[in-house]
Amino acid sequence: MQRSPLEKASVVSKLFFSWTRPILKKGYRQRLELSDIYHISSSDSADNLSEKLEREWDRELASKKNPKLINALRRCFFWRFMFYGIILYLGEVTKAVQPLLLGRIIASYDPDNKVERSIAIYLGIGLCLLFIVRTLLLHPAIFGLHHIGMQMRIAMFSLIYKKTLKLSSRVLDKISIGQLVSLLSNNLNKFDEGLALAHFVWIAPLQVTLLMGLLWDLLQAFTFCGLAFLVVLALLQAGLGKMMMKYRDQRAGKINERLVITSEMIENIQSVKAYCWEEAMEKIIENLRQTELKLTRKAAYVRYLNSSAFFFSGFFVVFLSVLPYALLKGIILRKIFTTISFCIVLRMAVTRQFPWAVQTWYDSLGAINKIQDFLQKQEYKTLEYNLTTTDVVMENVTAFWEEGFSKLFEKAKENNNNRKISNCDTSLFFSNLLLGTPVLKDISFKIERGQLLAVAGSTGAGKTSLLMMIMGELEPSEGKIKHSGRISFCSQYSWIMPGTIKDNIIFGVSYDEYRYRSVIKACQLEEDISKFSEKDNIVLGEGGITLSGGQRARISLARAVYKDADLYLLDSPFGYLDVLTEKEIFESCVCKLMANKTRILVTSKMEHLKKADKILILHEGSVYFYGTFSELQNQRPDFSSKLMGCDTFDQFTAERRNSIITETLRRFSLEGDTSVSWNETKKPSFKQTGEFGEKRKNSILNSINSIRKFSVVQKTSLQMNGIDGASDEPLERRLSLVPHSEPGEGILPRSNAVNSGPTFLGGRRQSVLNLMTCSSVNQGQSIHRKTATSTRKMSLAPQASLAEIDIYSRRLSQDTGLEISEEINEEDLRDCFFDDVENIPAVTTWNTYLRYITVHKSLMFVLIWCLVVFLVEVAASLVVLCLFPKILLQDKGNSTKNASNSYAVIITSTSSYYIFYIYVGVADTLLALGLFRGLPLVHTLITVSKTLHHKMLQSVLQAPMSTLNTLKTGGILNRFSKDIAVLDDLLPLTIFDFIQLLLIVIGAVVVVSVLQPYIFLATVPVIAAFILLRGYFLHTSQQLKQLESEGRSPIFTHLVTSLKGLWTLRAFGRQPYFETLFHKALNLHTANWFLYLSTLRWFQMRIEMIFVIFFIAVTFISILTTGEGEGRVGIILTLAMNIMGTLQWAVNSSIDVDSLMRSVSRVFKFIDMPTEDGKPNNSFRPSKDSQPSKVMIIENQHVKKDDIWPSGGQMTVKDLTAKYIDGGNAILENISFSISPGQRVGLLGRTGSGKSTLLLAFLRLLNTKGEIQIDGVSWDSITLQQWRKAFGVIPQKVFIFSGTFRKNLDPYEQWSDQEIWKVADEVGLRSVIEQFPGKLDFVLVDGGCVLSHGHKQLMCLARSVLSKAKILLLDEPSAHLDPITYQIIRRTLKQAFADCTVILSEHRIEAMLECQRFLVIEENKVRQYDSIQRMLSEKSLFRQAISPADRLKLLPHRNSSRQRSRANIAALKEETEEEVQETKL
């Protein structure tokens, strides 16, 4: 960034904004980069502004019982705000004085008024000077108010962020991300946009008073006729606005539904393609779009009428003011033209300025109150522990996440009992819900310095809550805690901050090279880092999305280990690691590197418990066991089945299996208002979430997608509740910290299962606390793997043993503190946060306009029709001009002596009738023609939007994954949300306004030129100057706007990133650093925004300066040209004076149109994406010579066996190479192997080795080379749809879209209910579905939030069974499954897919034991492909990964092979006898 010229600019340069010329010149000549932007002044920096407001707010808090944020803002900004308001008022006063001089100039043309004639030239000079003064006053005032609004926004942005970092976890559990984003975007943007209008709340009444006084002098009491009409018009516009909001509110729900489905489709586009659901998803979305567009059209028609009312009101204001006076008393022309000019100013004040000002104050005060409430919420308090460096002690500790919740629970229970609920097992409900129970009860333990405490337990037992209490995030209600204050923490779900790998590991602690390298080695990160071109200095953005889940987990662990602390809290740090890597890291890092440190490890692995010094097992918040491992074996032999739910599926009753559904549904009913009767609550509780969650329309932010979707929250018209709404819904709050996707999920659900869904979903919100505890398991599968897939290879060879040394003994002198860098490179910040720069020209090309016009054939005809109507209007005006002088001359000859003696031209009663008829006739004609012109235009433009959405949706669904992998999910969603909203809402009305204003200006110029041809000579250069100036400015402004838009994203990204890692931030004490980073992001945005405001004001001022020159020319041509009549001069000067505002408005509208057309350019860019196979709408039509001749896929019908393909499921893979993007590095190279029909093959490899990639390659979802044959049919001989239908898929990322059970299982409606129920029986889903009202017609929302992860996996399994596929692909199907669902899947695979080929990628050893062959992938290639017997007998990855106990389980498999002798079996048995108890909890 460069030094700003503003620092050394002179007063004149600042007044005329000339200091912006260098950036305007550079932007016109070349593309602007971030380095071209100017540094902001110190007065605009977030640090100074936040410190100033924070100081005043603290003063307000300290001095008053009811602190008001507006008082703090007043003390910071009031005097400057008032100063610019007074200047603005003086500029507006000049508009009221101008018509007075105009009237004097017109009066000077009266032959009897020679005195006035002599000073006409001076009157003209005075009129021109008024325009110059107005220009010099208004623009600095408007810019100053915009500047103050920007500063207020920055200060409050920072204040909200600082408060967010201080909020207690209890408060965070009650606030959704959508509410925070709403505070930072929808609310605070009002200050930027509206502060310039705020002063009109007092300026407009003063202006109206002054104008009414001047009009009284002209028309006396008849003045109030026009004012009354304007007041009625303002009320009418308010009514139209209310009607428009009604339609928009109705439409918002439809937009929600469409965006929900679209978001789910985009997030799961791989699954959509794998299931061949493209046509089904397109049909669902288009049906929703149709309903949405009906309401869009209604809202657009109302908006059009509202906008048109302003344009056409000018006729009637003058008509109602002048006509009564003229009929009774007669009127001179001077009064007519003066009245017209006064009425134009009056109309603007009454119908635009004052209503806008009132709305601005209403919105701003509402936003300030919301922020004020937020700033007074409870803060996180660091607990005062009894500090010690020798041990950690808990004595009889009990804790609640929600204080006072037991009373609320009992009240709800009593209310429900009083209602005598029928057909509901209330005892089961309340026994499972456990709302009023503490999360931890009577916890006591003690560990000495240097010991390892392993904490185990079932899902929701309170393991994470225990760590939170030690960290101070959860305040104990009873008991004592004693430990050292120096804590290091590793979260269960890895959190990566924007920055380099080194920054993430060091995390502000002083850099020690030896310690750093030791930690890198212990956490198995050496080889990963070596694969990156920039090594550990590679910048990671968006939560480390370029890394695999295992890499993120190891970086998070390395961060915790690097810090020198007294107590290390490790919350399930090995969740995403393969068995071998986990084993090595546990040994080298936890057991050796940290041997002298006190460690608390949350785990579910028996081998970890065996090596722990002490074991603490929790169950339902209580201590189930505390002691050593040997004591555990002796005292609690049943602990495995008790805690982990390992009983077999058949031993559970149907009631217990279905308890998760029963509890979830009834919890929804309980969450309603307790004052509502049960019947009123129950009925909506089973329909769409939005129906029973009217209070909870605020957004739900998915932990993965929230960062990418803020443009949706900011730009769409969706409604959000404020922060204050959260306090009204105590029953909605979550109690447990453990998300539903935790490995080893228990039988009974948590009462707060985390909902995942996009930003704009209605219904149950996800709190910030849920966001912090959400899994990011799918982040590594994002589209950004294109940049990291080649680096995710990991060595299969174990690392060398780490020397048993104490790396923490090498403490540097400054190591006790945190080293916080104040210097943050803006370029690095851009790498961390910014989206890819769009490859769109700075100015919309003519080709885009032409293509837009030709999208729908009717648009061209409508534009021609508009031109015809305009010509008719101009012709009508010229006819009036021709008739007008004749009427006046005729009347002049017939006038009485008294009349002729007073003024030369007087309109008598007779001529008034003629003028009345002409005036009203022209007004009616223009009004009718305007309606005929505008309504078809708006209607057609919405039709064009409909067509573009349809084409874009088709293009995305048909695009190859290699193209979609290069796009960010949020970017795709923005096209369907923000850009389509622009095409639907903003563009039609903006185009209408531009065309209307352009035609008004052209018509006025034509009339003036006809009346005085000399003026046409001045008009030509003025028009040329406008066109050149617009083109010059547009290049720079659009680039600055784009940079500003890109600069906004890091602010919200940083907010969510901070929230997701808030516990880590507090544990490491990194809040100051993150505040600094947030301020840097704010400053970066401010630099772009301030420069955009400055250049915009430069442009606006130049427009007015050109017009002032034009008006001076018109004025003096009219005055100096002899022979002009009074009426002609009046028309010329009135039109010329009032062209100014219209012309400026028209030029601004043209810039707005160009800016909005960038959305059209982006949509066209998506429409032009290539299609899969380069052929849109592929359909398979085999030629006569194609072989085999009877190739087909089973779809709806049962066919003869001779016609079925595939029939056996044999696969042959030859030289398969796969890439994620065109031109990218190969992820898999030269893969060749074959699979026999009905065989089960397991895929083995380290984390990130390419197992999931291989499954995607089978489905042709990647850029692939080579050949695969299924039962002799090559994938090149049939279409993609046919090829993919040969596979059944259970993806790692489960896809449940918003719709009924039936739609989710059978979106094409191919199967009967009997078939679906039969399959539901097979996979164990019948009892689940039957619990819901409507059964198969029950509508699932929020990604199936009422279903457990296991049930969602069963849904995928049911889809595969329905597809009758012969080849089944399973990608980590047991990840995050509870044992019950896992047993169901294993049973279904054995029964329903007994004769199918199964390819399985799995970390769970038990599942792999059922495979006949294994494919080992290492370094992008097949390293080994063999049977289970050979894999166990050789040194292989499989043998390293499998435990001796699991090898013992494989004895039956090996014994079945006749090639193995009993001696080998005996040797294996002897080898594993000692470790036979080593199993997974």
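Note that Cβ sites are derived from N, Cα and C of the backbone, with glycine treated the same way.
When Asn679, Asn898, Asn1455 are compared in Swiss-Prot, the N-linked glycosylation site annotation sits on Asn898. Different topological domain names are assigned in Swiss-Prot to Ile154 and Phe222, which places them on opposite sides of the membrane. According to Swiss-Prot, of the candidate residues Asn894, Asn1177, the site noted as N-linked glycosylation site is Asn894. Most Cβ pairs within less than 8 Å of the transmembrane segment (340-358), among stretches 123-146, 196-216, 299-319, 859-879, 991-1011, belong to 196-216. Look at the topological domain 'Extracellular' (320-339): DSSP puts its residues at 17 helix, 2 strand, 1 coil. Within 10 Å of the C-beta of Gly460 (ATP 1 binding site) we count 29 further C-beta atoms, all protein chains included. As a whole-number mean, the pLDDT of the topological domain 'Extracellular' (1117-1130) in this prediction is 69.
Residue counts for the topological domain 'Extracellular' (217-222) under DSSP (helix as H, G, I; strand as E, B; rest coil) come to 6 helix, 0 strand, 0 coil. The list of residues near the transmembrane segment (78-98) in space but at least 6 beyond its ends in sequence, with Cβ under 8 angstroms from a Cβ of it, reads 127, 130-131, 133-134, 137-138, 140-142, 144-145, 148, 195-196, 199, 203, 206-207, 210-211, 214, 341-342, 345, 1137. In the shown protein chains, 26 other C-beta atoms lie within 10 A of the C-beta of Thr464 (ATP 1 binding site). Counting same-chain residues at least six beyond the ends of the transmembrane segment (1131-1151), those with a Cβ under 8 angstroms from any Cβ of the stretch are 98, 102, 105-106, 127, 131, 337, 340-341, 344, 348, 881, 990, 993-994, 997-998, 1000-1001, 1004-1005, 1007-1008, 1011-1012, 1015, 1026, 1030, 1033-1034, 1037, 1100, 1103-1104, 1107, 1110-1111, 1114-1115, 1118. In the structure as shown, the Cβ atom of Ser458 (ATP 1 binding site) sits within 10 Å of 26 other Cβ atoms. Among the recorded stretches 123-146, 196-216, 223-243, the one sharing the largest number of Cβ pairs closer than 8 Å with the transmembrane segment (1096-1116) is 123-146. Outside the transmembrane segment (123-146) by six or more residues, the chain places 15, 17, 80-81, 83-85, 87-88, 90-92, 94-95, 97-98, 101-102, 104-105, 108, 116, 192, 195-196, 198-199, 1093-1094, 1097, 1100-1101, 1104-1105, 1107-1108, 1111-1112, 1115-1116, 1119, 1137, 1140 with a CB less than 8 A from a CB of the stretch. Outside the topological domain 'Extracellular' (217-222), and at least 6 residues removed from its termini, the chain residues within Cβ reach (under 8 Å) are 321-322, 324-325, 335, 338-339, 342. Using a 10 Å radius centred on the Cβ of Gly462 (ATP 1 binding site) and all shown protein chains, the other Cβ atoms total 28.
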